[in-house]
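*Asks:* Below you'll find the structure I mean.
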Amino acid sequence: MPLSSHLLPALVLFLAGSSGWAWVPNHCRSPGQAVCNFVCDCRDCSDEAQCGYHGASPTLGAPFACDFEQDPCGWRDISTSGYSWLRDRAGAALEGPGPHSDHTLGTDLGWYMAVGTHRGKEASTAALRSPTLREAASSCKLRLWYHAASGDVAELRVELTHGAETLTLWQSTGPWGPGWQELAVTTGRIRGDFRVTFSATRNATHRGAVALDDLEFWDCGLPTPQANCPPGHHHCQNKVCVEPQQLCDGEDNCGDLSDENPLTCGRHIATDFETGLGPWNRSEGWSRNHRAGGPERPSWPRRDHSRNSAQGSFLVSVAEPGTPAILSSPEFQASGTSNCSLVFYQYLSGSEAGCLQLFLQTLGPGAPRAPVLLRRRRGELGTAWVRDRVDIQSAYPFQILLAGQTGPGGVVGLDDLILSDHCRPVSEVSTLQPLPPGPRAPAPQPLPPSSRLQDSCKQGHLACGDLCVPPEQLCDFEEQCAGGEDEQACGTTDFESPEAGGWEDASVGRLQWRRVSAQESQGSSAAAAGHFLSLQRAWGQLGAEARVLTPLLGPSGPSCELHLAYYLQSQPRGFLALVVVDNGSRELAWQALSSSAGIWKVDKVLLGARRRPFRLEFVGLVDLDGPDQQGAGVDNVTLRDCSPTVTTERDREVSCNFERDTCSWYPGHLSDTHWRWVESRGPDHDHTTGQGHFVLLDPTDPLAWGHSAHLLSRPQVPAAPTECLSFWYHLHGPQIGTLRLAMRREGEETHLWSRSGTQGNRWHEAWATLSHQPGSHAQYQLLFEGLRDGYHGTMALDDVAVRPGPCWAPNYCSFEDSDCGFSPGGQGLWRRQANASGHAAWGPPTDHTTETAQGHYMVVDTSPDALPRGQTASLTSKEHRPLAQPACLTFWYHGSLRSPGTLRVYLEERGRHQVLSLSAHGGLAWRLGSMDVQAERAWRVVFEAVAAGVAHSYVALDDLLLQDGPCPQPGSCDFESGLCGWSHLAWPGLGGYSWDWGGGATPSRYPQPPVDHTLGTEAGHFAFFETGVLGPGGRAAWLRSEPLPATPASCLRFWYHMGFPEHFYKGELKVLLHSAQGQLAVWGAGGHRRHQWLEAQVEVASAKEFQIVFEATLGGQPALGPIALDDVEYLAGQHCQQPAPSPGNTAAPGSVPAVVGSALLLLMLLVLLGLGGRRWLQKKGSCPFQSNTEATAPGFDNILFNADGVTLPASVTSDP
C-alpha cells in the first residue's frame, strides 16, 4: 500500500531529527590525511564537512564556506574563562550590544559566532579554533566578515598554528568601523596539519561584542593528479600539472616541491635574504629584517615569503619619507632575443602612499642614460606577499633597480628575487669574451628624473606656474591651475594618453587591468584604432579579482555622475563593477547587469555628494582561459558636474512626483543601504498614477547591510518664513523599521516627523511645517532617513511638494519629534517630555507610542501649587482641514495614581462645544479615548484638564489619530478603516514583529486571504500576520486591545483565516488575557486549515482590568502562510451563544480510507521504531482548544509563558 502523501515528509523529518539517528549521506571513508584538505575526495564532499567549513554552502556559493546558519561547522571554543565564543543570532545569547543582524542573510534570523561583553577585572582572551586542516596551497586565502558592536574591542587576532609555530596572520589596529567589515588574509603554503584560531582579547574597561560570519576558504586545495597534462604544462613527480610560468617561481605549486627542484632551477639565481643579499647591491634605505612585525610595527610583514615563518628574513624600506631606498642587481650582459626574467615578491601595506618601482638602467657606449620604468606598484595591496614578474630584452648591458618608497605608517618589503637562467651576469661571461671598449657603468642614479620633485614646492604639492597646489586641492573638481593641470589625472580619460587619467592597477592576483590598443584586444568588437582599459593576465599567485583605482578625489557635489563605455563577455561567475572606496569602506555603486557579448555599451552612475577623500575603483573578474574569448573593458570615463559649487535648474525642484527622475533628491552614501528610484516594486503601484515611479528602500536587498539610508534634497533657499512640506509614504511589512524626516541648516539637524513599524499596505499622506528665520537666506537641506531596524517590508516615498505657508494639523501625532503645533492655554502649562532619566517631576514613566522611557508625550501638572482646584489648562491644536465625511478622533490619555481631575475635549468650528468629558482614572495604564467628528469647515480640537486639587497629580496625552468612519465600540473592529483601538506595537523581546493591515484588492509581497469577511470581497480589509518571517522555532506577534474593565462574563467573537501548504507546517493563533494577575491562554487554533474564514467565540472573565491579546506564532517548520482576523466584536457583559462545531473536529469526506491505510503502515513503523515513533505520533496533529472561564474568575493559576522567556511589561493594572 503506498504511503500517504502527507506522512512521507513527516517521516523523513522524524528520522532526520530523532536524537538516536545521525544520518550523513554517502561517506566514502577517505583516509585521514585526505580529510579537511580542501579537496572533495567523496562524490558528495562529505570528507570536507565539519572542517571549519562545509563542502558546499547554498547561501554563499563559495567552494568551502561556513555561514553558521545550520551549525558552527566544527569551530570550537577553547577559552579558559567565562569570556568565550558562542553561536548566536540577533544578540539573543549575549549580554550586550551584539549585532542585530548577521551578514549572510542581513536579518535578525541569521546566525554568526560571537563573543559577549567581559565583566572581569583582568584581561581575558576568548579563542575559537578550527578543526585540524591539511595541506594549504600557496594561493590559499581566508575571507570573512567581522563586527564590533561598540568599537572598543581591545584586540582581535587571526592566528595559524603549524607544528610548534603560531603565526599571526592579522591583528586589529586603529578604530573599528561601523557594521560588518570584510577581512581577507593569506595562509601561504602550509605542509601537513594546521589550525586557525580567532582570538579576542579585552580588559576590564572595554565593553561591547565582536562577531564573525561568512568564513570562506578560497583556492586552498592542492591540484589533483592528472594522467596527462595540457600541451606546454609541466608534469610534476606527483602527476600534478602546473603551468610553465609556475616553474622556479619560489612557490611549491606541485605540492611536492618538484617544480622547484635543483635539476630544473639550478641555473636560476635565487635570493631569499636568509643569509644576506646575494648578488644584489644595497644602497641606504633597505634593511634586512630578522624579526617579523609586532605591536610596535603593525604594518610590517609578520612572516617572510620563503619559509612562511616569523623566523624568516626579508627586506624592508627604512628610508625617510620622500627618499627612496634603491636595490641594484649585478650588471647583466645584453639579453639578445632571450628574455631575462625577474620574479619577485612584494609587500605594500599600511599606506596608500607606499610605492615600489622597477627600473631598467642600460649601460655601455651608446646606451640611454636615463633609467626606464618597467613596473610600478603603489598603494595598499593588503597583508600578503604578492608575486610579480618582469621580462627584459635589452640590446645593451643593463642593471635592474628596485626603488621602494614608504608612506606614512606603511611599509614596502621585498623577498625571493629569482633571476632566470637567461640573466647572465657580466662576471660570468667575462671569462668567455672580453668586454666591449668604453667607459664603465656609472653608479645607479638615486632617482630617475621622472620622479624628482618639481621646482621648490613641498613634497606632494603640484607646481603649476607660480602656484604650489597642496595635495588636498588636487582632484577636488575645482581648477586651481590656469591650464587645469591639477584636475588632469583625476579619473576622466579616453585612455589614449599613457597616464590613463590617473587610473592605477592595484591587482594582486592572476588578473590585472592594463591599457591596451584596440588591435591587441581579442574580447571586444572594437575595430578602430585607440586604447582602452582591459582585463589581462597578470603574474600574481592569488585568485583575486582585478582592481584599478583613481587618485584621491573630492569633495564632490550632489550632481556628480560618472559616464563610461564598457563591454563584458563572461560566464555567470564573471562580473564588472564600480566601487567607491571611502575611509576603508567599500560601496558598490554600479555593476554590469549582464554580459554584453563583447559589444560596447554606455551607462552612467550617480555618485552624488561625498566627502574627501574617496577613490573610484573598477573591479572585474573573468576566466580568460574559458570558452568564448571572455574579457572585459572600460573606455571613455568621464566625471561630470562633480564640483560642489555646480548648480542646475533641477537642484531647486524639491516638489517631485518622481515620474521623470528624482528632481533635486539624491541618495546619501554613508552605508550600502540606498533609496532607489523604481517603478511598481515593493508597493505594487505608485501614488501619483498607480502605474508610475517612486523611491523605495527595501531592507531585504542583498546589498543592504547599512544601518540607515538617506534621501537628501539639494541645498535650498527659503521661499517664505514658513513653508509646508507634504508627501506620501508607504511603510509596510511585518518587521519594518523607522522612517524619519529632518531638516539640516548650518550644521544642525532638526527632526520634523517620524513613523515606526507597519502602517498598513496603503499610501498615507503626511506633512510637516518648515520654519525659517524671517529675512534669513541660510540654505537648508531636507533629509528622509530610513532606519534599518527591521528586516521584512518596504519603505517608499512619492509626490513630495512644498508650498508657502503653514501646514494643516497632522492626522496623526505621537509627539516623538515635535508638539505637532499644539499651543497651551489657561492657568496651567502643558509641556512635551520624556522620562528617559527617570527623574521627571511628574508624568507617566513611559509613553504610549514606544512604551519606553525614551518616548515623548504631552503632560500637565495638576497639583494645587501648579493648577489650583477647579482651574483649567488647555491644549489647542492647529487648524485641521475640513472633513469630507464623518471621522473618528482617537487619543490615549494617562492619569496619575492619585486623582488627577477631569479631561474635557472640545471641538472648535463655528463655535466651541464640548464633545467628551473623562474622569482620568489613576493607574499605570494608558487608556483610549475616542470621539466622532463632523466638520465642514476648518476646525480645531481642544483638550482641557480640570484640576482636582490633589498633590502630585497630572494628566498626559499621546498618539492622536484621525481616521475616516465612525468610532467603533471598545475591543471591536471590522478593520475597514484601520486597526481601531487594537495596538500592533512590535515587541523587541518577541522579535519585533507586527500584525499588519491590508485587503485582497491591494497586491502584497506577503500571502493574505483573497477576500475579507465583512464585505466578502477583495475590496474589504482585515488584520493579518505572515508567520513565515518568524523562522524555525520562531517568536510571536501580538495584536492587543485597549485596556478593558474587569468583567464577570463577556463574549469575544471573531472570524479568523489560516492557510498553510502542508499538514506538518503549523501556524498557531491564540487568544490571551493579560492583566496585573498575569497572562492566561483562553483559546487557540493550530495546524493546517482550509483556506476559508472560520468563526470563534470565547468566554472572557477577569477580576481585574485586562487586555485581549491575539498571538500569532509558528509551531513547526517555517512556511509561507498567513493568519488573518476580521470582524472582532467584544460584547461586554454578555455570554457567548453556543459555538458552531469546530472544523478541526470534523473529518473531511473521503478521508477514512487514507486514515485507515496510514494507520496500518504506521503500526508497522511503530514495531521498528519503538517508543520514539510513538512519541512522535502522539505529538502529531493539532486541534483547536478552548478554555471557558467561569463567571467568578478563579485567578490565573494556569499562567502561560513563552518558551523564550520573554518578560512582559505590566501595561495594565487595577485601580487603587
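Residue positions begin at 1 at the first shown residue.
Each Cβ is built from the backbone N, Cα and C atoms, and glycine gets one as well.
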*Asks:* Name the cysteine that pairs with Cys229 in a disulphide bond per Swiss-Prot, restricting the answer to Cys220, Cys241, Cys248.
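*Replies:* Among Cys220, Cys241, Cys248, the cysteine that Swiss-Prot links to Cys229 by a disulfide bond is Cys241.
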*Asks:* According to Swiss-Prot, which stretch among 78-104, 429-455, 483-509, 753-779 corresponds to the feature region 'Disordered'?
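*Replies:* Spelled out, Swiss-Prot records region 'Disordered' over residues 429-455, not the other listed ranges.
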*Asks:* Name the cysteine that pairs with Cys457 in a disulphide bond per Swiss-Prot, restricting the answer to Cys468, Cys475.
*Replies:* Cys468
*Asks:* In Swiss-Prot, Cys464 is listed as disulfide-bonded to which of the following: Cys423, Cys481?
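*Replies:* Of the listed candidates, Swiss-Prot names Cys481 as the partner.
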*Asks:* Using a Cβ cut-off under 8 Å, which residues of the same chain at least 6 positions beyond either end of the domain 'LDL-receptor class A 2' (228-266) come close to it?
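*Replies:* Sequence-distant neighbours of the domain 'LDL-receptor class A 2' (228-266): 135, 137-138, 189, 191, 222, 272, 305-306, 343, 345, 387, 389, 416, 418, 420, 539, 541.
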*Asks:* If you measure from the C-alpha of Asn583 (N-linked glycosylation site), which of the recorded positions Cys254, Asn339, Cys481 fall inside 10 Å?
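*Replies:* So far as Cα distances go, none of the recorded positions lies within 10 Å of Asn583 (N-linked glycosylation site).
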*Asks:* Near Cys457 (disulfide bond), how many other Cβ atoms are within 10 Å of its Cβ?
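*Replies:* Other Cβ atoms found within 10 Å: 15.
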*Asks:* What is the nearest of the recorded positions Asn203, Cys241, Cys248, Cys265, Cys464 to Asn835 (N-linked glycosylation site), using the Cα of each?
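*Replies:* Minimum Cα distance from Asn835 (N-linked glycosylation site) across Asn203, Cys241, Cys248, Cys265, Cys464 lands on Asn203.
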*Asks:* Of Asn203, Asn281, Asn583, Asn636, Asn835, which of the glycosylation sites has the most Cβ neighbours inside 10 Å?
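*Replies:* Sorting the candidates by Cβ neighbours within 10 Å, the top entry is Asn835.
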*Asks:* In sequence order, which residues at least six apart in the same chain have a CB under 8 Å from the CB of Cys254 (disulfide bond)?
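*Replies:* For Cys254 (disulfide bond), the qualifying residues are Pro223, Cys236, Gln237, Asn238, Val240, Val242.
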*Asks:* Looking at the recorded positions Cys265, Asn339, Cys481, Asn636, whose Cα is closest in space to that of Cys468 (disulfide bond)?
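*Replies:* Nearest candidate: Cys481.
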*Asks:* Given Cys490 (disulfide bond) and Asn636 (N-linked glycosylation site), what distance in Å do their CA atoms have, once rounded to a whole number?
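*Replies:* Distance (Cα to Cα, whole Å): 13 Å.
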*Asks:* If you measure Asn281 (N-linked glycosylation site) to Cys481 (disulfide bond) at Cα, how many Å is it?
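*Replies:* Here the two Cα atoms are 42 Å apart.
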*Asks:* For the domain 'LDL-receptor class A 3' (456-491), jot down how many residues DSSP puts in helix, in strand and in coil.
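*Replies:* For that range the per-state counts are 6 helix, 6 strand, 24 coil.
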*Asks:* What are the helix, strand and coil residue counts for the domain 'LDL-receptor class A 2' (228-266) according to DSSP?
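*Replies:* Summed by class, the stretch gives 10 helix, 4 strand, 25 coil.
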*Asks:* Measure from the CA atom of Asn636 (N-linked glycosylation site) to the CA atom of Asn339 (N-linked glycosylation site) and give the result in Å, rounded to a whole number.
*Replies:* 35
